[in-house]
Structure formats: C-alpha cells, structure tokens
Amino acid sequence: MHLARDRQSASGRCRKCSVGESEGYARQSAEVCPATKQHKTSAENAGQNGPGESYGEKRMISSTTTNILRAVISELQTPVVAVLLVLMAVTVVMTGSFICEFFTEHRKLSEKIPELIERINRAEFSELPGLIEESGLLKRQKAAVRKLLQEQSMTRTSREAYAAQLLFDEEEHYHRYIRWPEAILRLGPMFGLLGTLIPLGPGLMALGKGDTMALSKSLLVAFDTTAAGVIIAAVAFVIFQIRRHWYRSYAQGLESVMEVILEKEEPEVAHAER
C-alpha cells in the first residue's frame with residue numbers, strides 16, 4: 001500500500017515536472033525569438049488592415065470621379081436647353097422663309113421646260129434673248145441663260161465649260177438653303193436626347209430620397225426637351241425634303257435649256273469654227 005502511494009506521488013510529480021518544463025520551454029522560445037513574434041504580429045495586422053484600407057482608397061477615388069462627372073453633366077443642362085431654344089427660333093425663321101419662297105418664287109415658275117425647249121428649237125438664234133425674257137423661268141434662271149447667250153465669242157468648248165460653271169453656281173446657291181434644315185434635322189434630336197437624359201440623374205436621386213416634387217420637375221424638363229427636339233426635327237425634315245425637290249427641278253430645267261442653247265449656235269460662230 002505504501003508502494004502504491006509512492007508510485008502515485010511520483011507520477012504526479014512527473015506530470016508537474018513535464019508541464020513545467022513545457023511552459024518553461026515556451027517562455028524560453030518566446031524570449032529567445034522576439035523577431036518571430038514581431039513578424040507574426042505584423043502579418044496579422046497586415047492581413048486585417050491592408051485589404052480594408054486598399055478597398056477604402058479605391059472606393060474614395062471612384063466616388064470622387066463620379067461626383068466630378070455628375071457635376072459636369074449637371075452644368076450642361078442649361079447650355080443644352082439654350083441650344084434647343086436657339087434651334088427653335090431658327091426653325092421658326094426658316095419656316096417663315098419657306099412660306100415666303102413658296103408664294104413669291106416657286107408659284108411663279110409657270111414655264112414647262114419641254115414646251116420652252118420646243119420654242120427654242122423653232123426660233124432663230126437672234127430671237128433667243130427675247131424668248132427667254134418672256135418665258136416663265138425664275139429670275140436666277142433667266143440671268144444664267146442671259147450670261148450664256150452674251151458669250152458668243154467663245155469657242156464651243158469654252159461655252160460648254162462656262163455653262164457648267166453657271167450651273168454649278170446655281171446649285172451652290174440653292175444648296176446653301178438646304179444646309180440649314182439639314183443641320184437642324186440632325187442637331188435637334190441630339191440635343192433633345194441630351195435634355196432628356198441629363199435631368200434623369202437628379203430625378204433618380206430625388207426618388208431615392210422620397211422627394212417626389214424634385215422628381216416631377218426633372219421629368220417635366222426631360223419630357224419638354226424631348227418634345228422640342230422631335231418637333232424641331234420634324235419641321236426641318238419637311239422643309240428639307242420639299243426644298244431639295246424644288247432645287248433639283250430648278251437645276252435640271254436650267255441644264256436642259258442650256259444644252260439646247262449650246263446646240264443652237266449662232267451662224268457666224270459656227271461658220272468661224274468650221
């Protein structure tokens with residue numbers, strides 16, 4: 001019995017000794033390797049703080065650039081509306097000019113080109129100036145034909161080149177009246193779309209905050225600019241199509257008359273060329 005107690009006490013002392021030795025070894029290891037402990041602590045801190053700080057910096061940069069872009073786009077709303085108002089004013093003036101042109105010039109074009117060509121073929125060359133003046137051609141068409149008739153001292157090739165130049169000048173004159181409706185036809189929808197999209201940003205932000213009044217104002221501006229752009233483009237399209245048809249017929253008629261006159265040479269000039 002005494003032997004069992006001695007064994008139990010001995011084993012207890014052995015367990016205590018082993019535990020004490022393990023704790024002492026751990027303390028010694030920590031004291032001997034402070035660099036290892038510092039490296040481990042730095043790694044833990046980097047693992048906890050590094051990714052969070054990097055994500056925060058990226059988020060801050062993204063938020064800054066987004067705010068700058070939003071501020072720039074918001075400032076463009078007033079210029080876009082101003083451009084739409086200018087385009088509307090130009091469209092009104094262009095419509096008035098189109099109506100005046102219809103009643104003062106286009107309706108005066110009463111001459112049928114095939115009949116005029118037939119009269120030119122039957123007439124003598126000396127009768128052509130009076131025949132052109134009495135015809136129902138437009139003033140600019142008569143002026144171009146008179147210039148061609150006055151240059152009888154030129155050779156046939158020179159007269160053809162001169163007639164081509166006169167025809168080109170007439171086409172350029174009419175093309176200037178087409179450029180405006182063509183430009184407005186393209187610019188109107190563009191600025192109308194810009195005026196629609198720009199107010200939607202503040203409107204969506206107001207919707208997120210529950211401000212229905214600000215949302216309704218933004219939507220009202222968006223719808224107004226859309227309607228303005230569509231109306232401008234529609235009016236410009238109609239004017240562009242009608243004027244282009246008019247001016248093509250003017251140029252084609254003038255070209256036909258000039259070709260007939262070039263074929264009907266003055267007798268003296270034809271004899272000199274032979």
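Glycine too: its Cβ is placed from the backbone N, Cα and C atoms.
As annotated by TrEMBL, domain 'MotA/TolQ/ExbB proton channel' applies to 145-248.
Annotation comment: TrEMBL describes 36-57 as region 'Disordered'.
The feature transmembrane segment is assigned by TrEMBL to 80-103 (among others). Distant neighbours of the transmembrane segment (80-103): 180-181, 184, 187-188, 191-192, 194-195, 198, 221, 225, 228-229, 231-232, 235-236, 239, 242-243; these residues of the same chain sit at least 6 beyond its ends, with a Cβ under 8 Å from one of its Cβ atoms.
Long-range neighbours of the transmembrane segment (183-207) within the same chain, counting only residues 6 or more positions beyond its ends whose Cβ lies under 8 Å from a Cβ of the stretch, are 70, 73-74, 76-77, 80-81, 83-84, 87, 90-91, 94, 213-215, 217-219, 221-230, 232-233, 236-237, 240. Under the heading transmembrane segment, TrEMBL lists 183-207 (among others).
A Cβ distance under 8 Å defines the sequence-distant neighbours of the transmembrane segment (219-240), meaning residues of its chain 6+ beyond its ends; these are 77, 80-81, 84, 87-88, 91, 94-95, 98, 178, 181-182, 184-185, 188-197, 199-200, 203. TrEMBL lists 219-240 (among others) with the feature transmembrane segment.
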Item to check | DSSP residue counts for the domain 'MotA/TolQ/ExbB proton channel' (145-248), split into helix, strand and coil | outcome: 95 helix, 0 strand, 9 coil
